[in-house]
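Visitor: There's a structure below that I have some questions on.
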Amino acid sequence: MSKAKFERTKPHVNIGTIGHVDHGKTSLTAAITKVLGFQGKANYTSYENIDKAPEERERGITISTSHVEYETDNRHYAHVDCPGHADYVKNMITGAAQMDGAILVVSAADGPMPQTREHILLARQVGVPYIVVFLNKCDMVDDEELLELVEMEIRELLNTYEFPGDEIPIIRGSALAALESTATSVDAPEYQPILKLMEEVDKYIPTPQRDIDKPFAMPVEDVFTITGRGTVATGRVERGTLKMGDEVEIVGLSDSPKKTVVTGIEMFRKLLDQAVAGDNIGALLRGIQRNEVERGQVLAKPGSIKPHTYFEAQVYVLTKEEGGRHTPFFNNYRPQFYFRTTDVTGVVELPQGTEMVMPGDHITMKVKLITPVAMEEGLKFAIREGGRTVGAGNVSKIIE
């Protein structure tokens, strides 16, 4: 098959497969590329190629993830699949690949298992907004009643973690049957569940709002003064657009944001009328002294982000092999929390009944920072000690 050129005109959606080990996540990923490949909408990627995922380093953490891309009539998809359970936990917490939706794979022969539960919980905590279920290995179960029982169990589990379990589409099929089939026509019966799944993903997972359409935010990386013109803050626009004359707030590292107006935008030494998500810019700030803005603050559309000091987070603690701590930590542990462009010291509160946290653990904890940081739910951070990363986290709930 000739390499189909992916048209970038279609809306783009990031998805991934989640679920218990050996329930068929990687087989399903391969089957999707095979079946869509018949329609010229994907390049078939074999199970072996997905399974030997390359290791990537994200914020100093090694994660194995496989990325495949494919398209349907309506959309372009980037799809992540992780070989190991620890890779999923790390991937979902660090947001190496932020998912707009996930395909939960459950083996019909086994029903929901411990990691099924953990992945649903993680999806809830780190803000994966939509789940579609693929009930795999249905060819191994002859009993229709058993299939219905497993479906009920899955729906109950989803409801437990505040997903709309009763509305979520569940598609029955067999990824292996699709992979092993020698049929070259996309109309073969064993390929229908895969096509049905993609149809449901298209329908059920909404197209995400693009970064450029969100309210403006730019983490400040550096600040300098231009004699006669004023103070310039530089950084990469995280989201939204900024036009000359826009009012912005300087948020974080102080209790209340400071308002100012952007009187000039510069990129590569040229003046711009406007900057968009992804641009590296310098913003000239009216009436702001050199000491009133610093690295670690965020320029943002007024009212869109607030400074906070106390939050709950999902945290993955690095193992010794990953360069993390060699010993556990306890309540009142005081590391640095690295948000966007700066470190702030914080105090850790462990959940009741948790004596200590070991390297390699995934834990929910509360953190009290000594200085406010521009923060919203879903924000990623690293935990550092003396400049080295010892953990990664995701703000799951702001307390104050």
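Each Cβ is built from the backbone N, Cα and C atoms, and glycine gets one as well.
Look at Swiss-Prot and you will find 10-209 tagged as domain 'tr-type G'. The region 'G1' annotation in Swiss-Prot covers 19-26, and the record cites similarity to another entry as its basis. What Swiss-Prot records for 19-26, 81-85, 136-139 is GTP binding site. If you look up Swiss-Prot, you'll see T26 marked as Mg(2+) binding site, on the strength of sequence analysis. According to Swiss-Prot, the region 'G2' annotation covers 60-64, on the basis of similarity to another entry. Taken from Swiss-Prot, the feature region 'G3' covers 81-84. Sequence annotations record features per position, and here Swiss-Prot assigns region 'G4' to 136-139.
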Visitor: Just name the winner among C82, C138 (the binding-site residues) by count of other CB atoms within 10 A of its CB.
Guide: C82
Visitor: Hey, which of the binding-site residues K25, H85 is the loneliest by Cβ count within 10 Å?
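Guide: Across K25, H85, these binding-site residues, the one with fewest Cβ atoms within 10 Å is H85.
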Visitor: Among the binding-site residues G19, D22, T26, which residue has the fewest other Cβ atoms within 10 Å of its own Cβ?
Guide: D22
Visitor: Which whole-number mean pLDDT does the model give the region 'G4' (136-139)?
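Guide: Looking only at the region 'G4' (136-139), pLDDT averages out to 98.
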Visitor: Please give me the binding-site residues out of C82, H85, C138 that lie within 10 Å of the residue listed as 'Mg(2+) binding site', comparing Cα atoms only.
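Guide: Within 10 Å Cα-Cα: C82.
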Visitor: Could you put numbers on the helix, strand and coil content of the region 'G3' (81-84), residue by residue per DSSP?
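Guide: Once the DSSP states are binned, the region 'G3' (81-84) shows 0 helix, 1 strand, 3 coil.
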Visitor: How would DSSP class K25 (GTP binding site) in three states?
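Guide: Assignment for K25 (GTP binding site) reads helix.
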Visitor: Please work out the helix, strand and coil residue numbers for the region 'G4' (136-139) from the DSSP assignment.
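Guide: With helix first, then strand, then coil, the region 'G4' (136-139) has 2 helix, 1 strand, 1 coil.
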